[in-house]
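This report refers to the structure that appears directly beneath it.
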Amino acid sequence: MSDDRLIVALDVPNVVQGLALAEKLGDAVSFYKIGLGMLTGGGLALANELKQDHGKRIFLDMKLFDISATVEAAVRGLAQFNLDFLTVHGDPHVVRAAKEGAAGSDTKILAVTILTSLDRTDLDDCLIRDGEMLDLVAERAGRAFEAGADGVISSPHEATMIRALPEAKGRLIVTPGVRPTGSASGDQKRIATPRQAIADGADHIVVGRPIWQHQDPRAAAQMVVADLP
């Protein structure tokens with residue numbers, strides 16, 4: 001049986017490989033993330049097929065960031081695909097525009113706080129102001145919630161802190177950077193196990209390579225689900 005707290009990242013090059021992986025996973029997975037890499041290889045068509053023909057839930061990870069009118073128009077168009085989750089950057093004007101675009105649909109707008117592939121050194125390189133990572137994430141999450149975000153994307157390390165924010169009541173926390181015990185961290189820097197991420201307050205976890213690079217992806221997904229509290 002699947003558990004929709006697990007979202008599998010379809011970080012493969014094209015639709016053919018994406019469908020092949022989804023077929024291998026079968027009913028062990030009910031929720032998929034499609035990111036920018038897949039979008040250039042027919043990702044919207046894949047999202048539509050998985051949603052309409054296979055009954056899967058879809059998280060489109062686009063991290064939209066533009067002027068308000070452009071974000072609103074883009075989200076309005078994407079919402080026609082009956083997406084479950086859609087990501088935008090957490091700037092308040094972006095979140096508000098995305099919510100306007102998603103109005104009338106069931107698409108949840110999730111705001112990115114700070115990418116799980118970044119640490120304080122990376123933020124310094126990007127000229128992002130000084131401060132502890134936890135404080136910066138809390139500030140961005142709070143502003144996104146105030147702007148109307150249905151949830152946020154954060155590393156597992158910040159999930160407990162975000163869950164404690166008054167503004168977070170009834171909102172979603174989705175955590176990439178989740179690695180089963182013994183898995184390589186890859187390009188993620190702020191990571192946790194599936195069990196720890198959920199215990200710390202995440203509603204959903206995103207797992208990619210530890211599943212789709214496994215010799216038996218279905219078994220790998222089932223092991224992740226078995227580890228959830």
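Quick reminder: no glycine exception, Cβ is built from N, Cα and C everywhere.
Feature list (source: Swiss-Prot):
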{"type": "ACT_SITE", "residues": "Lys63", "note": "active site, proton donor"}
{"type": "BINDING", "residues": "Asp11, Lys33, 61-70, Thr116, Arg179, Gln188, 208-209", "note": "substrate binding site"}
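Counting every protein chain shown, the Cβ of the residue listed as 'active site, proton donor' has 17 other Cβ atoms within 10 Å. In the three-state DSSP scheme, Met62 (substrate binding site) falls into the strand class. Taking a C-beta cut-off of under 8 angstroms and a sequence separation of 6 or more, Phe65 (substrate binding site) has the following same-chain neighbours: Val71, Val88, His89, Asp91, Val94. Every protein chain shown contributes to the tally, and the Cβ of Asp11 (substrate binding site) ends up with 19 other Cβ atoms within 10 Å.
Among the binding-site residues Met62, Ser68, Gly208, the residue whose Cβ has the fewest other Cβ atoms within 10 Å is Ser68. The residue listed as 'active site, proton donor' and Asp11 (substrate binding site) are 15 Å apart (CA-CA, integer value).
Here the C-alpha separation of the residue listed as 'active site, proton donor' and Gly208 (substrate binding site) works out to 17 Å.
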